Each structure stands twice: as C-alpha cells, then as structure tokens.
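Below is one structure; the comments refer to it alone.
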C-alpha cells in the first residue's frame with residue numbers, strides 16, 4: 001500500500017521557496033517629484049540605464065509565462081515614466097494584474113476615470129500623516145494636499161477600494177484612528193507598514209522609528225482595530241507582545257522565498273527593503289531572464305535553506321517573530337542571526353548601543369544634497385522639494 005505523504009504547512013512551503021513569487025515588487029524608475037526623507041530606494045533622479053519600454057514588456061511576457069498573478073509597481077514615482085500607462089495596459093492584457101504606489105501627482109480626474117474602468121489595477125496612495133503638518137514634514141510641502149486630491153478623484157470616478165499606505169513613525173502613530181477615518185471617507189483600505197532603515201531611511205531611522213512604548217501602542221491598536229487593515233509582513237517582529245496568532249499577517253521573512261524586487265535597471269534583489277549588493281541575486285538582462293534568477297540564483301538558494309535561530313534560539317518568542325526583519329538588522333549594522341533592532345524583549349536596544357559598522361548604500365539617486373536627520377519633534381518648516389522640474 002502506497003503511503004500518502006503529508007502536505008507541508010503553508011509556512012513550510014513558503015520557507016522552501018515557490019516556483020514564482022507571490023509578491024513581486026518592480027521599481028520602474030528612480031525618478032521622483034518628491035524627496036521623502038525616509039525613501040527606501042533613495043529616489044529622485046532617473047537612472048540613464050533604466051529599462052526600455054520593450055525590455056519591460058519582455059519581462060511582463062516572462063511573468064505571464066511564470067503565472068505571476070500581479071506586480072507591485074513603485075519607484076521613485078512610477079507615473080512620471082512616459083510609457084507608464086502603456087505598460088500597465090500591456091500587463092493587464094497579458095494576465096498580470098498591477099498594483100502601483102503613487103504620491104498622486106498624475107491621478108487627475110481623467111486618469112481616475114480610466115482606472116475605475118479597469119478590473120485588474122489597484123492604486124495605492126502614499127500618506128505619512130493624517131494632516132499636512134505631519135505628512136509634509138516627511139514627504140515635502142504640498143504632498144498631503146496632492147495625495148488627498150488623488151483620493152478624491154478616485155472616489156469621484158467610482159474607483160473602489162483604493163489603498164492608503166502609511167509608514168508608521170514616531171510622529172504619526174497617534175493618528176492611526178485618523179488614518180482609518182480618512183480611508184473610510186474615500187472608500188479606501190488602510191495599509192500600514194514598518195519604517196525600515198533602508199535608503200534615505202537609514203539617515204532618519206533613529207529619530208523616526210516608534211519608541212518601545214509606541215510599538216506596544218501600535219500592537220494593541222492592530223489587535224483591537226486592525227481586522228480590515230493591511231500589514232503584510234511588516235509587524236511580525238511585534239508578535240511576542242501577545243498571544244500567538246493574535247496579530248494578523250505573515251510571520252515570516254519572505255525574502256527570496258515568496259518576495260523579491262526588480263529595480264529600474266533589471267537588477268533582482270531578495271527584498272524590496274534590502275536594496276544593497278549583499279542581497280543582489282542577479283540581473284534580468286545579463287543572467288538569462290527573471291525566471292532563471294528566481295529559480296537558480298545562489299543567493300535565493302541560500303535563503304531557502306533552513307535558517308538557524310542564532311542568538312535568538314533560547315527565546316520563547318522566536319517561533320512567532322522569527323528573529324525579525326533581515327533588512328532592519330542589516331542596515332542598522334546588527335548581525336543577521338541576532339535580534340531585530342526593535343525586538344520586543346528589549347534585546348535590540350543594547351545591541352544598537354554597541355560599536356557597529358553600518359553598511360554604505362549601494363546607490364543614491366537623491367536630487368541635490370541629502371536632508372539631514374529630522375528632529376524628534378515635528379519640523380516647524382517642511383523640507384523643500386528638491387525637484388520642481390520634470391525628474392525624467
């Protein structure tokens with residue numbers, strides 16, 4: 001009699017890696033009309049090596065063959081590419097759904113009407129404050145009004161279930177109820193994500209990331225009111241604050257297993273928050289296409305191997321938090337097999353106080369001079385926008 005092999009649990013299948021990513025982030029351009037102080041890709045200027053329209057279409061063809069359901073398109077500000085809408089139409093016509101993140105600069109009433117007529121496009125508007133004072137201190141003067149105008153245009157056009165994407169910071173964690181109300185006003189869904197010390201975020205992380213008390217506040221809010229709030233894998237490092245399973249979301253680092261990132265020049269990174277040579281798996285143009293990189297790169301094979309708990313092996317919360325975020329540890333100069341810098345047991349804080357060597361960024365696409373670290377209190381004057389002309 002042939003024995004039936006048990007089907008691995010879903011998380012076990014994820015840990016071993018899938019034939020195609022569940023969540024593929026594609027940064028179409030580094031060009032951006034804003035200069036957000038925490039931008040994970042240090043965007044601003046367009047890279048002259050940026051993939052052409054045809055090269056992008058070739059990648060979409062490959063994603064269709066791999067049966068990738070959808071891509072998260074970002075940047076930079078993806079809508080400043082002159083071929084952006086052409087690429088969106090091409091993707092949806094080839095069975096690849098599109099979710100794109102935007103600051104709202106190009107979401108006019110006409111564009112909103114076009115988006116409302118599509119069944120395969122999702123729109124995510126970035127906001128980091130529930131009012132202009134908080135938001136514009138991080139994203140630039142006028143960015144709050146621009147984002148709200150985009151939400152109004154989408155709502156008026158009948159676009160259903162847009163997303164409002166919020167990076168939780170020390171300054172906006174008290175506004176979670178206000179963000180939820182803003183989403184309800186425009187028939188949108190609230191999505192909140194963790195601040196990572198990546199890109200320009202490395203310069204401001206010490207001043208912007210929530211305190212330990214605010215982490216508890218965030219956790220309690222998510223447990224009490226977060227049923228309809230999207231978080232992805234942002235806050236699995238907080239799982240140890242309560243009962244197992246109390247916090248919704250994926251308690252797993254999916255880097256190279258179920259997620260990855262394609263950058264504007266075709267480089268493939270293990271994680272959207274880890275744009276650094278250490279996490280570079282290959283290049284679509286020079287390494288035989290995306291499928292070859294995803295399925296055969298040495299880095300991805302290593303990430304799919306069973307991982308040691310390292311310094312967290314004796315912690316009773318390890319099965320819940322899995323040691324936290326790889327990118328957060330790497331960009332704060334902490335060992336990858338050690339505690340998360342925001343470890344709820346408090347092990348991250350003393351690790352951060354020790355001498356550390358923070359990795360230098362692999363690339364910086366900022367326009368002009370980098371803004372310095374922000375003050376602990378709100379800035380009295382929003383940072384000036386670096387770029388008032390077309391960044392393309």
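Residue positions begin at 1 at the first shown residue.
Each residue, glycine too, has its Cβ placed from N, Cα and C.
Features reported for this protein in Swiss-Prot:
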DOMAIN    18-228  domain 'Radical SAM core'
BINDING   32, 36, 39  [4Fe-4S] cluster 1 binding site
BINDING   253, 260, 271, 325  [4Fe-4S] cluster 2 binding site
BINDING   312, 315, 321, 343  [4Fe-4S] cluster 3 binding site
REGION    354-377  region 'Disordered'
COMPBIAS  354-367  compositional bias 'Basic and acidic residues'
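DSSP assigns residue 36 ([4Fe-4S] cluster 1 binding site) to coil, not to a helix or a strand. Fewest Cβ neighbours within 10 Å among the binding-site residues 271, 315, 325, 343: that distinction goes to 315.
Sequence-distant contacts (6 or more apart, same chain, Cβ under 8 Å) of residue 312 ([4Fe-4S] cluster 3 binding site) comprise 318, 323, 337, 338, 339, 347. For residue 260 ([4Fe-4S] cluster 2 binding site), the nearest of the binding-site residues 36, 39, 315 in terms of C-alpha separation is 39. When the alpha carbons of residue 325 ([4Fe-4S] cluster 2 binding site) and residue 32 ([4Fe-4S] cluster 1 binding site) are compared, the span between them is 27 angstrom.
Between the candidate binding-site residues, 39, 260, 321, the densest Cβ environment within 10 Å is the one around 260. Taking the Cβ of residue 32 ([4Fe-4S] cluster 1 binding site) as centre and 10 Å as the limit, one finds 28 other Cβ atoms among all the protein chains shown. Taken residue by residue, the compositional bias 'Basic and acidic residues' (354-367) breaks down under DSSP into 0 helix, 0 strand, 14 coil. In sequence order, 237, 240, 317, 318, 323, 324, 339, 340, 344, 345, 347 are the residues of the same chain, not among 312, 315, 321, 343, whose CB sits within 8 A of the CB centroid for the [4Fe-4S] cluster 3 site. For residue 253 ([4Fe-4S] cluster 2 binding site), applying a Cβ distance below 8 Å and a minimum sequence separation of six or more within one chain yields 233, 271, 322, 323, 325, 326.
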